[in-house]
Each structure stands twice: as structure tokens, then as C-alpha cells.
Amino acid sequence: MTINALLLSSSRVGDTPYLAHAIPFIKPLTTNAQKWIFIPYAGVSMSYDNYLASVVTGLSELELDISGIHQHPDPQQAIKDADGILIGGGNTFHLLHQLYRYDLVTLIGEQVALGKPYIGWSAGSNVSGQSIRTTNDMPIIEPPSFKALNLLPFQLNPHYSNYQAPGHNGETRAQRLLEFTKVDPLTPVVGIVEGSALWRQGDKLSLLGDQPAYLFCGEQQEIPIPVGSDLSHLLKA
């Protein structure tokens, strides 16, 4: 089997309904996978039940059987029994902390490597990379390690935008990612803009959506990646 993983930048684009823009991206992964497990651990300011309800409503037209991992007495068995895995956005540090707490990091990687579809957005995309070192989130809790699922052998930065409000003197996103590349010049970072996604199908990696992505690696800074690009070469990073 081969990896089938969809990494969405965000759950919304502008004022669109929750996950509405992502339906065309998600649908191809659900053809033979109807029983999905949703992992809400990134949700800190909402209850897991409410988070699950939002996802079920947002994906209702796909007619999937979605349950929350928090509803199962054995989280590891729930992962094994599901046809596919969904991980939502929120705080990436809390998400990874809980994945380690329930000993799910290695298991999810193994299950996805066997062909189980994986769909993540925002924090759920952050944890698909080598590590969470390029998340935008505040480190509200300390996971045992920053090492993540490694479904992609590089770093991701969802919600990518280099906008700087007039009069604001903090660093831009590009400046923050430059800092990363100074410390680790050999590891690529792909910034994915809201409304776009990366789709890994085995040895193929594609940029989906109508927005460019941006590459940061060593001396290469904020290099535009055109819409529809084949990024398979990054799987050899």
C-alpha cells in the first residue's frame, strides 16, 4: 500500500462554511473509506464533542461515519479499526502532546504507511511533517518531543501569509521561517496558503487549490510554487 495523505492549510477560506472549500479535495480519499476517526486534540478552547459535531456537519454531504477518538475507550484500537483518520486544527503543541500521551504517533504513521487515508487541516497538517518546529502556534504545553508523524519528510507552515499590518513591528511569517532555515538550512519548509492543500499519493506530491505555495530552504527564501505544481521531488528531501 502507499501513503494517501491530504494536508489542508485551513478549515475555511474567507467567510465560507466550515470545511466547505475542502469537500472537492477530501472526496477522492473517501471512496473506499467510510468509517473515519476524528482526533480533536488540537481543540483547547472548545469541547471535543462540539468540535466533533462541527466536523460531522461540515462533511455531511460525504455521508461518512465519523466518530471522535475521545469517545473510544481504547484510542489505539480506534485508530486501527477506522478506515481513515481526520485530525483538525487548533493548537499544534497540545495536539502533539496528546498524541504522545496516548502513544499514537508511531501507530498513526504505521497505519498511514499501510494505506489508511489521512486528512489534516491546520494543526493536523503541521503534525504530518518531520516536526512541529514551523507551527504558528503558542507553545502552551510541552510535548515529549517536537518530532511529528513524518508523513512528509519536510516542514509545513499552514495558514501561510506574509502580510504585515501597517505600524506593526513584529516579525513577518517569512522572517520567522528564515530563522528556521538559518538553524536548519537543509530541511525544506512549504508554506501553504488558506484554500490550498498538499496531497501525497505514494511517491507523488501535488499542490491543490488556486493559491501558490512558498518554499523556504537554505538560501532559497519565499520562492513561489505555482498552482498545480508537482512537488514529488520534496519527498526525497
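Using N, Cα and C of the backbone, Cβ positions are placed for all residues, glycine too.
Per Swiss-Prot, these features apply:
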ACT_SITE  Ser122  active site, charge relay system
ACT_SITE  Asp137  active site, charge relay system
ACT_SITE  His159  active site, charge relay system
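DSSP classifies His159 (active site, charge relay system) as coil under the three-state reduction. DSSP classifies Asp137 (active site, charge relay system) as coil under the three-state reduction.
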